[in-house]
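Listed in TrEMBL for this protein:
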DOMAIN    B:47-146  domain 'Nucleoside transporter/FeoB GTPase Gate'
TRANSMEM  B:7-25  transmembrane segment
TRANSMEM  B:45-63  transmembrane segment
TRANSMEM  B:75-94  transmembrane segment
TRANSMEM  B:152-176  transmembrane segment
């Protein structure tokens, strides 16, 4: 599916640019995007290093294990195939906490760490495990309590009430989280059934 | 309420930076050395995701800059009009799963043009705050460990995105409509 979407975006873009007579836009946009990707990765190095450093302290101090123990009922339900004390649980919890608190920048390093841990449990390294799919679904459909970035933009645009959108955001993300969990259960069964 | 939430987001990271190293120190962890050991991984992971980022951003960049995305949005416009959604927010809905920075740009533009307290401004704010950049997360997370077959992860991510978009529209219509 991702192959098809990637190809379609590329081809549709080139065809539209060709027909509207500004094909040079394709050259410009593609080269610029390639450069942006590298800049983004380099910005990520600092963030990753900082959060992974803090995560390591939290791990060594037993904080991550404590959090994992507290949330065990949820993680057992959502990730039945991850062993009880596996480090993946801690990273998943840190990633979801960062998402819930609206700390987008902190979520990525924890998420990448969680994927590395999940990959150690993967019998077929080229293919995603069900736990990975669940994790990614939760990640995109995650409850958000404080959409900090957009509150900042609203305040900067001199809104009379920048945080009025917090309630609706909590409701909307709560709904999408429920849909992600339910959808995961359904797709898991459907996918396993189809493969026999 | 407003003040409280703004204060919480201002304090969240400083508190984490305060609490974790202090707790570690009190538990006898060599905090600085441990921090550095953990930070070492940051470089490797960031470099490993570069090819995946380049691939995804190039396709999105071409799709957007060529005007194909706007064309796609215009084609969908009549459908949205039927259910009472302002067409102005459609580019944001399409951009949101593709690119976080791009979507934030569109949301900021909508807020500036229509005012933060207009219906469109509020709807754009909720849409921006309530969905995630599915393609980025998928590309970067799977890319960093070399997973190439995504199983049903993309379908699930898009399901979550569409759910929160629909929820955002319904809730905004009920509360601000």
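Our numbering is plain: 1 for the first residue shown, then up by one each step along the chain.
From the backbone N, Cα and C atoms, a Cβ is placed for every residue, glycine too.
For the domain 'Nucleoside transporter/FeoB GTPase Gate' (B:47-146), the model gives a mean pLDDT of 88. Taken residue by residue, the domain 'Nucleoside transporter/FeoB GTPase Gate' (B:47-146) breaks down under DSSP into 81 helix, 0 strand, 19 coil.
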